[in-house]
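Report on one structure; see the data block that follows.
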Amino acid sequence: MHIRSGALFLAAAAGQLAGAVPVQDSPRQRLLDGKGLPDKFWKDLKPANPYKPGFRDPYDSARDSVGEKLDPLPYRNGLGASVLGPWNPDRARQNPDLIRPPSTDSGDVANMRWSFVDSHVRIEEGGWTRQTTIREMGTSAQIAGVNMRLDKGVIRELHWHKEAEWAYVLDGEVRVTALDYEGGSFIDDVGKGDLWYFPSGVPHSLQGLGENGTEFLLIFDDGHFSEESTFLLTDWLKHTPKSVLAENFHVAPEIFDHIPQKEKYIFQGTHPGSISEERPTGKHVKKSKYQFTHRMLAQEPHLTSGGEVRITDSKNFPLSKTIASAHVIIQPGAIREMHWHPNADEWSFFIRGRARVTVFASSGTARTFNYGPGDVGIVPHNHGHFVENIGDEPIEMLEIFRADEFRDFSLFQWLGETPQRQVLDTLFSEDKEAGEVFLQKIQDAKKDEVRKFDGETDEEEERYDL
């Protein structure tokens, strides 16, 4: 629940008590007598439906239309009207702040939201893949994302890309193999919360392990990337004369009579043995000196007042030169503080929870979007924004950037480290008393990436969304 003014409570309470008989010690009689209400009343009080013509909220508080089972309609503070034409209530419920935008939204802002459920799925033997690129979402210019599933023993065939590949394992286990620029062989098994990174052109393969295989998010450092443009081993050999293959590998041409005549891409393979059993042992085989994998969730988290943050970039994963990332947990009632990123667009992936995000695009423009599991969000670099948890479970999300280092500016920290006179002159020249309260809050200038309101307000208002 989110904080509202006491006036909104009176409206909600009056609506629920209208027509009640003023019996002794009833809620209505207690209000008429100027008395407080008992705890039982507060527990039973339901927030008013915000999607009604008479509802008022001057503070644009968030509502969780999914969790509260509300049907958003375009009414706001006495404005708007009902819908007479075709309507998709399920999609409306997922996007309440597009149906009834905050009054602070203004101007034209490009779409910053896409859901993987709206992406085409390519189905293969024992697996599937789908992608979010600039073709699906025009603002995804710097990064493309691919969601892939490989069942037990299923192989994403040997291949390479023009772009660098970064990955986060969403679930299960996967074996990764690669050959580095110096001819070193790399093999590792990774699991949930682990990463890998393959620089441009590095050949590699992936195979699902365990009983359920694996699912992961792939990130490429170019929004124009396409899974259909991968350099595949089977595709190359199919388009090379057998005489050349024979000459290259020092065997007779007929050796290649039965190689695949079409790309295998994703296919069922035999179950692998241990890494020690599978590691190549030829005379000139050498082990790679580079670490292509990283245990992101094994990092010690940075704890905040409203959640936790883990940052992985080239400082602690040296090979990852073009992708920086943060794994963020936002507890219910908390907010990823107002901030911006100076060095790259943010490509966000929401793993769980429900959020609202307002993107401030300067020049008097701002637009609010809602996100849930499997959704992708874009925030262009230097655009101010926040991520607010509007649901009843933690938000788990990835912030991903085409950059070598993670960087952000905290609005709270900036104002706390700016001369107080300038802050007062800029924001509170017409309300010095409010300005003094504000300065007391920001004076320690502590950066708190995920912050939770400290609750210094009426407990009943905070509890019941008033």
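Placed from the backbone N, Cα and C atoms, the Cβ positions cover glycine too.
Since the structure is predicted, the reported quantities are computational estimates derived from the model, not experimental observations.
The signal peptide annotation in TrEMBL covers 1-20. Marked as region 'Disordered' by TrEMBL: 85-106. The feature domain 'Cupin type-1' is assigned by TrEMBL to 132-257, 294-435. For His339, His341, Glu346, His385, the entry in TrEMBL reads Mn(2+) 2 binding site.
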Contacting positions for the region 'Disordered' (85-106) when only residues 6+ beyond its ends and CB under 8 Å are counted:
50-51, 60, 62-63, 65-66, 70-77, 113, 356, 358, 364-370, 372
Fewest neighbouring Cβ atoms within 10 Å among the binding-site residues His339, Glu346 goes to His339
Looking at Cβ-Cβ distances, which residues of the chain lie under 8 angstroms from His341 (Mn(2+) 2 binding site) while being 6 or more apart from it?
Val379, His381, Asn382, Phe401, Arg407, Asp408, Phe409
May I have the list of same-chain residues other than His339, His341, Glu346, His385 whose Cβ is within 8 Å of the Cβ centroid of the recorded Mn(2+) 2 site, in sequence order?
Trp340, Val379, His383, Gly384, Glu399, Asp408
Using DSSP, tally how many residues of the domain 'Cupin type-1' (132-257) sit in helix, strand and coil.
21 helix, 62 strand, 43 coil
What same-chain residues, at least 6 away in sequence, bring their CB to under 8 Å of the CB of His385 (Mn(2+) 2 binding site)?
Met338, His339, Trp340, Glu346, Val357, Thr358, Val359, Phe360, Val379
Across the domain 'Cupin type-1' (132-257), the model's average pLDDT, rounded to a whole number, is 98
Of the residues in the domain 'Cupin type-1' (294-435), how many are helix, strand and coil by DSSP?
18 helix, 64 strand, 60 coil
